[in-house]
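Enquirer: Here you go, one structure.
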């Protein structure tokens, strides 16, 4: 399964660092294919199913004129195997987007090294945020969570999930886990690694926390909101790389970023601080998936508030840096304009001096004789 084109004519030693980096998509594809082939044989199918299909199925019969069976899912330790498989899928999709979309654009645009890495980052994240936002919004509409916000905390713990919601969280965890080996595969600069590790860690902690603590409904709403704002930022950056005059998207993103932080805090406090605090189902029950105790609520709110404060701090620093760079650019332009006009005046004065005091003029002959 050839995915990445080998542009380097040199053949690095097998299993060397360069060999793994050049062929990592093919290697991962072979590993994923092993799990898929395992479904074909009865001996290995039970093992392969753990990685490929969503586990912990619960069938519930609905009462009505026609009794129907509805499938729901809850979480468990076997989800780690499923997350691992879809992490492999995310690595393969990352390589496909990089090779057949981003690399072709890079070759046409001839970006600098700095713009090249930022363009690749925004290109990958734009594709992921667009897909995740659209998928998450469709789940919100089907679950009717937007039309009835009370369902965010009503009936907690929400141990049973629809297939789409559980698969969504599995794919989210798989994607952000794949970002860790991609730091090695993409030869990320050492100075960029701490920044990327921080936001990967924050995504994993918040998504896994919402999934394990059965706050999947609140987590889904906040993820869709956050992904929409981040999608706008990375699309604006892609447009900026194509034409540096296109900066309107950053202004819209700045407004929506602040509103997104306020809305995130409001929904979190409303759901965890008020909704769960006044719920009748209080207490800690690990078997039932109930974590509605004051310590857990305070921890969840503290984590969300600290994360939003950290993001606002980074946002303010980003805006101050942009304003500082803009001010420096304007200052340089103002300095260049007078210097150009002064040079033109000097040149004009020099020409006039030659004409008025030239070699053929009487004054010039007098000065020469004296």
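First residue shown is number 1, and so on along the chain.
Glycine residues also receive a Cβ, built from the backbone N, Cα and C atoms like all the rest.
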Enquirer: Which residue range, 220-240, 325-345, 346-366, is the one TrEMBL calls transmembrane segment?
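Expert: It is 220-240 that TrEMBL describes as transmembrane segment.
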Enquirer: Give the mean pLDDT for the domain 'TLC' (117-326) on the 0 to 100 scale.
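Expert: Here the mean pLDDT over the domain 'TLC' (117-326) amounts to 93.
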Enquirer: Can you work out whether the transmembrane segment (197-214) touches the transmembrane segment (294-316), with the criterion being 3+ CB pairs under 8 Å where the paired residues are 6 or more apart along the chain?
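Expert: Contact between the transmembrane segment (197-214) and the transmembrane segment (294-316): present.
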Enquirer: Under a Cβ pair cut-off of under 8 Å, which of the recorded stretches 84-102, 123-141, 252-274, 294-316 contacts the transmembrane segment (220-240) most often?
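Expert: Ranked by Cβ pairs under 8 Å, first place goes to 123-141.
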Enquirer: So if I exclude everything within five residues of the ends of the transmembrane segment (252-274), which remaining residues of that chain have a CB under 8 angstroms from its CBs? That is, six or more out.
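Expert: Apart from its flanks, the transmembrane segment (252-274) reaches 149, 152-153, 215, 218, 221-222, 225-226, 228-229, 232-233, 236, 297, 300-301, 304-305, 308, 311-312, 315, 319.
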Enquirer: Same chain only, please: residues at least 6 beyond the ends of the transmembrane segment (123-141) with a C-beta under 8 Å from a C-beta of the stretch. Say none if there are none.
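Expert: Same-chain contacts beyond the ends: 94, 97-98, 101-102, 105, 162, 164-165, 168, 172, 175, 220-221, 223-224, 227-228, 230-231, 234-235, 238.
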